[in-house]
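Here is what TrEMBL says about this protein:
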type    : residues                                                               : note
BINDING : His109, His113, Tyr130, Asp294                                         : divalent metal cation binding site
BINDING : Tyr130, Val131, Ser132, Gly133, Gly134, Asp162, Gly177, Glu181, Asn266 : substrate binding site
DOMAIN  : 29-300                                                                 : domain 'Gcp-like'
Amino acid sequence: MTIVIGFEGSANKIGIGIIKDGEVLSNPRRTYITPPGQGFMPSDTARHHRAVILTVLKEALEQAGLRPADIDCVAYTKGPGMGAPLVTVALVARTVAQLWGKPLLGVNHCIGHIEMGRLITQANNPTVLYVSGGNTQVIAYSERRYRIFGETIDIAVGNCLDRFARVIKISNDPSPGYNIEQMAKKGSQYVELPYTVKGMDVSFSGILSYIEEAAHKMLSSGQCSEEDLCFSLQETVFSMLVEITERAMAHCGSGEVLIVGGVGCNLRLQEMMGVMCKERNAKLFATDERFCIDNGAMIAQAGWEMFRSGQVTELEDSWITQRYRTDEVEVTWRD
C-alpha cells in the first residue's frame, strides 16, 4: 500500500490531492479568479496560492482521514507553468517533505494529466490530446517516453480561448473557456476564421489576431452575435485539434483517444472527437472537470507511479522549471 500526496499550482489553480494505490482519497482545489477582461499575473496568482495553500493541505488530509505519518511520498509540480506560482507550491512541498521526513518527487505537469486520465478512464495505450491554457500537444507512448507527435507552434488553445474571452468581456468565473462553451451553444451563424494546420502542428495566434480585430466591427455592425463568434471559434480550433489527433492515430495504428487538460472538459470538443473515433472504430476516453482541470490528485498519481518505480528527487535537485517538455521524462513505470 502506497499513499502519495500531490501539490499542484502551475497556473491559477491550487490543488492538493492524495492517492492510495489508484484510489483518490481527497482532491480539494481553489481557483484564483480575476475580473472580466483581465488575465492573471504570476505575482498575484502566487500571492493567492500562498494565502490558501495551508488551508487546502488541511482539507486534503481531513477528507482523506489521514495524518502526515500515513503519507509515503510528497509529489509536487516541477513544471511547466508560471514561475512564481510554481515556486510557491514547490517551497511548501519541500518544507512539508522535510518536516514529515518523507521522500520528495518533482512531477511533470503534463504527465500528471496523462496518468490521471489513464487511471480514471482505464484507457490502455491511447493517443493523447493534451489541451489546456498553457499547452496543446498530441502525444503517444513509445519506448519509455511520451512522444510529442504534434503541438502548437505559438499559443495554446486554452490561451486563445481565454484571450478572446477578454476581448468581449466574458466572465472568468468559473473559467473563460466554460463560459465560451455555454455561449457557443446559443450561436447559430458560422463566421469563417483562419484554419491553420501545418503538418502535425497547429497555430492559434493568427486566429486570435483575426477575431480580436474583427469582433468589434462585426458586433457593432450587427453582422453576428457574441454567441456566433464563440460558436465559430470553438468549431474552428476544435476541428484543427481533431485533425492532428486523427493523423497521429493513423501513424501509430491507435484505436484509443484520451483527452486531458482543462479544455478537455469541453463537451463540444468531446463530441467532435467522438464522431472521428466512431468513423475509425476507435474508442474515446475523457473525464469531467474534477480531473481534467488542474488538480493535486493528478500530481499524486504520477508521483505514485514514479515512486513505485524507484524514483525520488533529492532536495538539491528539487527546483522548478517553466519549460519542462513532456518528452524529457523517462517513463520508468510503463513497459
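Yeah, the Cβs are placed from backbone N, Cα and C, and that goes for glycine too.
Quick caveat, the model's predicted, so the values are computed rather than measured.
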Next item on the list: May I ask for the distance between Gly134 (substrate binding site) and His109 (divalent metal cation binding site), taken between their Cα atoms and rounded to an integer number of Å?
Entry: 11
Next item on the list: Would you mind reading off the Cα separation of Asp294 (divalent metal cation binding site) from Ser132 (substrate binding site), to the nearest angstrom?
Entry: 9
Check: What is the number of other Cβ atoms found within 10 Å of the Cβ of His109 (divalent metal cation binding site)?
Finding: 27
Note to self: Using the CB centroid of His109, His113, Tyr130, Asp294 as the divalent metal cation site centre, which other residues of the same chain sit with their CB within 8 A?
What the structure shows: Ser10, Cys110, Gly112, Ile114, Ser132, Asn135, Val260, Gly261, Gly262, Met298
Item checked: Residues satisfying Cβ distance under 8 Å from Ser132 (substrate binding site), sequence separation of at least 6 -> His113, Ala156, Gly158, Gly261, Gly262, Val263, Gly264, Asp294
Notebook entry, point to check: Do you know the mean pLDDT across the domain 'Gcp-like' (29-300)?
Noted result: 97
Checklist line | Nonlocal residues around Asn266 (substrate binding site), in sequence order (Cβ under 8 Å, 6 or more apart) | finding: Gly177, Glu181, Gln234, Phe238
Next item on the list: Run through the Cβ atoms and count how many others sit within 10 Å of the one on Gly177 (substrate binding site).
Entry: 26
Next item on the list: With an 8 Å cut-off on Cβ-Cβ distance and a minimum sequence separation of at least 6, pull the same-chain contacts of Tyr130 (divalent metal cation binding site), or say none.
Entry: Cys110, His113, Ile114, Thr136, Gln137, Val138, Ile139, Val260, Gly261, Gly264, Thr326
Note to self: For a quick check of understanding: given the listed substrate-binding residues Tyr130, Val131, Ser132, Gly133, Gly134, Asp162, Gly177, Glu181, Asn266, what is the maximum Cα-Cα distance in angstrom, as an integer?
What the structure shows: 18
Margin query: These are the binding-site residues: His113, Asp294. Which one scores highest on other Cβ atoms within 10 Å?
Written below: His113
Next item on the list: Tally every other Cβ atom lying within 10 Å of the Cβ atom of Gly134 (substrate binding site).
Entry: 19
